[in-house]
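Peer 1: Provided herewith is a single structure, encoded as structure tokens, for subsequent inquiry.
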Amino acid sequence: MDFFDKLKNWILVYSLFLQCASGFYLPGSFPHKYNIGDQLSVKVNSLTSIDTEIPYGYYSLPFCKPLEGVKDSAENLGELLMGDRIENSPYRFKMHVNESEIFLCQTNALSADEFKVLKERIDEMYQVNLILDNLPAIRYMNKDGYFLRWTGYPVGIKVKDVYYVFDHLKFTVLVHKYEKSTVPGVIGDGDGAELITTDDKYITDTPSYMVVGFEVVPCSFQHTTDLLKNLKPYDKFPSPINCDPATVAVMIQEGKPLVFSYEVNFVESDIKWPSRWDAYLKMEGSKVHWFSILNSIMVITFLAGIVLIIFLRTIRRDLARYEELDKEAQAQINEELSGWKLVVGDVFRVPENSTLLSMMVADGCRILGMAVVTILFAALGFMSPASRGTLITGMLLFYMFLGIIAGYVAVWLLKTLNAGNTNGWFSISWRVSFFFPGIAFLILTVLNFLLWGSHSTGAIPFTTYIVLLLLWFCISMPLTLIGGYIGTKAPHLEYPCRSNQIPREIPANRFPTWLLVIGAGTLPFGTLFIELFFIMSSIWLGRVYYVFGFLLVVLILLVVVCAEVSLVLTYMHLCMEDWRWWWKSYFASGSVAIYIFFYSINYLVFDLKSLSGPVSAMLYLGYSLLMALAVMLATGAIGFLTSFFFVHRLFSSVKID
């Protein structure tokens, strides 16, 4: 290959890159163009309900099955952990070909079990989730002057103790005409890609289209059984089917079959492919997000003022006066010291359960790092809702690879607490690799048994369990040990003063100082509780959360508030001659987890009133507990490390023997 051939190839690659960059919208999702008459295949996802939060497989109900058999679509780890089970469906369309009265199938007579399960799913308000070209089916409705939208459609409806099923679906597929580009580009979907070029031999007069919308209207229509005798799947029904969503007609009865049909209408739309997710990602409450951020800034400003007073007016003044004295005067004033200067001989005394403290701080740093990196990538668009499961997969991978940070912090902190002694570094690194992952694995296993017992698709498959264990033991643990080894080589932080042999007696206080520590968690909670509502709604009410830019700002503000709160509380305890600041500085900011868990209970009582069944409640509380524990570790690590460096810097400025 000569120089000009290489140059030509590089120009082509560069052109492809420019095209991808100019048309890039949601990473992991690429436009796919279809010619008129090309087949479009609809996929099905798990049945979901905000009433139970327990997903079930689509074919757990007596629905029509595809002629070629049920096949699973490619799923990533995040989809499996979220309970998504994407499978093929019998619904088939032809691009830009309108069809009506399409007979799908007639099921067998409903057995007693099928009849019972179908009624239960209708009572529990389960939704059917369909997917076309990676777009979930969306349903619109005008109710009491409000324009409502949902993803999916209900299995059926109950009217006066009679159960009706939606057996006819009216689909509307919005398409946008493919506009030929002047630059070569890559067009494809998750299954492959094709090169689109402006070369004349590739250009045809046949128009191509891209799917930009997928709407569904469910109907309950009574099919005439006499007309079904000679019909095969995808045949046209002999009589017209009037789809009226305001009326119901098909009662489900034990021993009677169900008949399913559909129609599809293609509508050309002005919506361009990069904007096709706007209907799903409609931002609601943007003013509330801004109010949350402004509220957090006010809290930060208030705390910053207190910190400024502490540093500039109190500590700086005391240190300036102390440095002006000669040695004899310093020796004399040592006997008259008060406040934080009196605990100089005890402030760096090794705390109780120092190994546990090191482990919790280390795992908190790893969780915080995972949160920052994940939210940053999501804010940049690399973990969009269009790529199902990528957010969970990314969080899991980031957490594993940040094990090297956890091992380093744990060993470095333990080495500092033990005045440079690195004995036991392997033991603490090993424990860190098991600490939070072990707790999470235990909680998820208990919840998984509940889901297994309910035959839910939310249960983690056994093979996925094996994959998680392999990731844990083969990637996370070795990286944690490597980080611990690096921590043994890192220089530790030397204390500016020695600890006395006999601990100083702590003066009695009028009220327990731990009450002040627990109450301090209200300030970090005030920073995030508004954003927490949107996160909870996306998890439990099926709403799409995508305002990761707001979330990134809130996370930064939360870090600042946690650092300031812990610093102020630590200084107050030292002024009260309480030298046991280690754990209190950790929980001064980590106590926000208590309020998050209480808020979760409040959300369960007042916002998830319809949540039914002990299994659903235990699932909710289990996941809420795991979330609160992760927040406690992350915020506690922020507060402790801030206080630790503050105390070290403070007493490094005091010249007391």
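For all residues, glycine too, the Cβ spot is worked out from N, Cα and C.
As listed in TrEMBL for this protein:
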TRANSMEM  290-312  transmembrane segment
TRANSMEM  367-386  transmembrane segment
TRANSMEM  392-414  transmembrane segment
TRANSMEM  434-453  transmembrane segment
TRANSMEM  465-486  transmembrane segment
TRANSMEM  514-540  transmembrane segment
TRANSMEM  546-574  transmembrane segment
TRANSMEM  586-605  transmembrane segment
TRANSMEM  625-647  transmembrane segment
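Thinking about packing and proximity, how do these listed features fit into the structure?
Peer 2: Non-local neighbours of the transmembrane segment (392-414) in the same chain are 76-78, 81-82, 354-355, 357-359, 361-363, 365-367, 369-370, 373-374, 377-378, 382-383, 422, 424-425, 428-429, 432-433, 471-472, 475-477, 479-488, 490, 492; each lies 6+ residues outside the stretch with a CB under 8 Å from one of its CB atoms.
Through the fold, the transmembrane segment (465-486) approaches residues 77, 396, 399-401, 403-411, 425-426, 428-430, 432-434, 437, 441 of its own chain, all at least 6 residues removed from its boundaries and within a Cβ separation under 8 Å.
Residues 347-348, 357, 360-365, 367-368, 371, 436, 439-440, 443-444, 524, 558-559, 562-563, 565-567, 569-571, 574, 581-582, 585-594, 596-597, 600 of the same chain lie 6 or more positions beyond the ends of the transmembrane segment (625-647) yet place their CB under 8 Å from a CB of it.
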Peer 1: With pairs fewer than 6 apart in sequence excluded, do the transmembrane segment (546-574) and the transmembrane segment (367-386) have three or more C-beta pairs that lie under 8 Å?
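Peer 2: Yes, the transmembrane segment (367-386) contacts the transmembrane segment (546-574).
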Peer 1: Is the transmembrane segment (514-540) packed against any residues at least 6 beyond its ends, judged by a Cβ distance under 8 Å, and which are they?
Peer 2: 50, 53, 285, 288-289, 291-292, 295-296, 299, 303, 547, 550-551, 554, 557-558, 561-562, 565-566, 569, 572, 584, 587-596, 599-600, 603, 607-608, 620, 623, 635
Peer 1: Can you work out which residues elsewhere in the same chain, 6+ from the ends of the transmembrane segment (586-605), have a Cβ less than 8 Å from its Cβ atoms?
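Peer 2: For the transmembrane segment (586-605), the far contacts come to 357, 360-361, 517-522, 524-525, 528-529, 532-533, 536, 540, 561-563, 565-566, 569-570, 611, 617, 620-621, 624-625, 627-629, 631-633, 635-640, 643.
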